[in-house]
Amino acid sequence: MKLTRKMVLTRAKASELHSVRKLNCWGSRLTDISICQEMPSLEVITLSVNSISTLEPVSRCQRLSELYLRRNRIPSLAELFYLKGLPRLRVLWLAENPCCGTSPHRYRMTVLRTLPRLQKLDNQAVTEEELSRALSEGEEITAAPEREGTGHGGPKLCCTLSSLSSAAETGRDPLDSEEEATSGAQDERGLKPPSRGQFPSLSARDASSSHRGRNVLTAILLLLRELDAEGLEAVQQTVGSRLQALRGEEVQEHAE
């Protein structure tokens with residue numbers, strides 16, 4: 001759903017976009033917030049629990065001081081590039097987005113290295129010690145994320161999986177940090193990655209293939225948390241079609 005001029009003016013009780021200072025669009029099923037580019041006076045905006053996948057529209061809100069984006073679909077921390085030019089930004093809530101990955105520490109350090117003026121991140125005060133550590137432990141973001149297309153809709157699955165795919169390629173098991181650092185959040189959402197005991201013992205010959213397959217499965221299960229009912233239905237249909245195709249191949253093999 002696109003955030004429209006009418007929606008903004010109604011919620012902000014304003015007559016013109018350029019005069020809007022505070023806006024609350026919590027849980028509005030939004031995917032497109034491009035109209036934010038027309039709100040230069042915006043200071044506080046709440047966009048939590050939506051389906052927003054890019055931060056580019058708020059890059060022109062030079063007076064923005066508080067940005068709430070919990071539980072959206074921001075795919076990569078590279079999106080933080082669009083916030084680097086906001087001199088007044090002091091409060092950011094970005095938790096429960098795909099970009100947070102499986103390492104809370106790495107995520108927090110990267111955000112603080114990119115946005116050192118923050119005073120509060122994900123409802124936790126930022127300390128001087130954290131800012132110092134972020135210089136060496138956080139990743140440096142120097143360019144805007146590459147995009148396939150110009151829309152502001154949902155991200156491609158390959159982009160959302162980028163960090164987890166990297167872990168799979170390097171042999172790093174996302175189950176390690178996910179089970180230890182974010183089990184509480186997963187309990188709340190009613191979903192956990194598969195435990196090691198759920199996978200059967202395999203020979204050394206199959207170990208590498210099994211490890212990669214487990215990482216892919218874990219990534220998929222983690223991403224399911226971010227989908228709404230419509231998205232889950234699409235996944236269900238795709239899985240059903242895939243299962244039907246595989247069963248057809250098995251029948252053909254047996255016939256031969």
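Yeah, the Cβs are placed from backbone N, Cα and C, and that goes for glycine too.
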Selected residue, Swiss-Prot feature phosphoserine, from candidates Ser132, Ser177, Ser201, Ser209: Ser177
Field: Which candidate, of Ser19, Ser51, Ser59, Ser136, Swiss-Prot gives the annotation phosphoserine
entry: Ser136
- line: CB neighbours within 10 A of Ser136 (phosphoserine), counting all protein chains shown, number 8
Query: Against which stretches of its own chain does the repeat 'LRR 1' (19-40) lie, if we need a Cβ under 8 Å and a gap of at least six residues from its ends?
result: 1-5, 7-9, 11-12, 46-53, 57-63, 68, 151-154, 228
